[in-house]
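Participant: A single structure is presented below for examination.
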Amino acid sequence: MLKLRKTLPIAITSIIAYALPTFVLVAPSYTVNQFNLPHWLSFLIVSIAFGGRIVGAIIYQKIIVTLGSKKVFLISMIALGTISLVSGFASNVILLTAVRFLVGVVFGISTSFAIEQAVRSDNAFIVAFTMSGWAVGWVVGAITYLTLRLWYLIALSGVVTIPFSILYSKVGSFKGKGAENVLDPPSFLSILTVFLAFEPAFILPLAPQILEKEGGISWLILGYSLSFFMYLLIPYFVKFVGNTKVMIVTILITAITGTLFFLTSIPYLVVMFNAFGLGIISLAPGIAMKYGANARNVGMATNLVAIGAVLLPVVGSIDTEIVASSITFVSMIVLLVLGLRRR
């Protein structure tokens, strides 16, 4: 009971610090056509936030030492809500673009904190629960879109993050001393493993246009909902059958269903691809740490690979049957090799 009292606040504040920024980050993906702007400009407004993630991840390495974990959580939640309020009333492209970049910066800071707190707990369930915030954010974004429909209302709904700032007192207390004051970037191979683990998440934005005639949003909501449970189930499977077997099965199912989905456009395949593909993310910190990542910079690695969220959908859209399917298959096989290499 005492252990639960100690770990529950960490688990809750960690997923909040990941899921809410994800919701604010991805919500515009559902309303891009409402901007009434040239396609490239609409894409820029949505995607520039992913560039902000990289900046935020780097800034986090410094401010966590100065401010500490509690203040970082508090400021992140208030900042997200304030930025959402501004974006809802943004009247010109320049302001909206700048605001979206700031969303990415705060996302990078908040999620870096969430991952560090989770990894510091040394609890596989808390790490998986935290990483599931990506799926939770997408589901909440989809439900918000289906409910509110209009871009400015969806943007304004981001103010919901502000009340959660009162939970800052429940955050684990840490900041960093001595050597931790120095910027400690993750190794190339640790960044690569995280990038490959996130490939399904990065390539999935192609799914709605493929499933447009099949009720794409409904299929994606189902897939994202199931992926939440996969995040939580994978740590338990690891306990019973071992990390290696779980990794092999999860990655191979993702490779097969993802490749077949892009080749055939069969709707139910995206559900399995989504669930297992996002489930892999819960394994990413563990694999990355075998290549030198640590509690502090694994969050940086996660945000540094965000450029993939911009590049992979663009490259994959060239030919979803050939290019997207090939990217997914090759990424999963390379991830499997890297995961097994350090066993």
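Cβ from N, Cα, C; glycine included.
Annotated transmembrane segment per TrEMBL: 7-28, 40-60, 72-91, 97-115, 124-144, 150-168, 188-211, 217-234, 246-263, 269-288, 300-316, 322-340, in sequence order.
I'm curious about the neighbourhood of these features; can you describe it?
Facilitator: Nonlocal intrachain contacts for the transmembrane segment (72-91), taken as residues 6+ away from its ends with a CB within less than 8 angstroms of a stretch CB, comprise 13, 16-17, 20-21, 24, 60, 63-64, 99-100, 102-103, 106, 109-110, 113, 152-153, 155-162, 164-165, 167-168, 171.
The list of residues near the transmembrane segment (150-168) in space but at least 6 beyond its ends in sequence, with Cβ under 8 angstroms from a Cβ of it, reads 9, 12-13, 16, 20-21, 23-24, 27-28, 30-31, 34-35, 70-71, 73-74, 77-78, 80-85, 87-89, 141, 144.
Residues 29, 134, 217, 219-220, 254, 258, 261-262, 265, 267, 270, 273-274, 277-278, 280-281, 283-284, 287-289, 291-293, 297-298, 301-302, 304-305, 308-309, 312-313, 316-317, 320, 324, 327-328, 331-332, 334-335, 338-339 of the same chain lie 6 or more positions beyond the ends of the transmembrane segment (188-211) yet place their CB under 8 Å from a CB of it.
Counting same-chain residues at least six beyond the ends of the transmembrane segment (269-288), those with a Cβ under 8 angstroms from any Cβ of the stretch are 115, 118-119, 124, 127-128, 131-132, 134-135, 186, 190-191, 193-194, 197-201, 204, 207, 210-211, 219-220, 222-224, 226-227, 229-231, 233-235, 243, 246-247, 250-251, 253-254, 257-258, 260-261, 298, 301-302, 335, 338-339, 342.
Away from its own ends, the transmembrane segment (300-316) comes close to residues 47, 50-51, 53-54, 56-58, 60-61, 104, 107-108, 111-112, 115, 185-186, 190-191, 194-195, 198-199, 201-203, 205-206, 262, 284, 288, 293, 323-324, 327 of its chain (Cβ-Cβ under 8 Å, at least six residues beyond either end).
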Participant: Cβ pairs under 8 Å only, please: of the recorded stretches 40-60, 124-144, 217-234, 246-263, which one is richest in them relative to the transmembrane segment (7-28)?
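Facilitator: Counting Cβ pairs under 8 Å, the winner is 124-144.
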Participant: What residues in the same chain, six or more past the boundaries of the transmembrane segment (217-234), come closer than 8 Å to it by Cβ-Cβ distance?
Facilitator: 30, 125, 128-129, 131-132, 135-136, 138-139, 142-143, 145-146, 204, 207-208, 211, 246, 250, 267-268, 270-279, 281-283
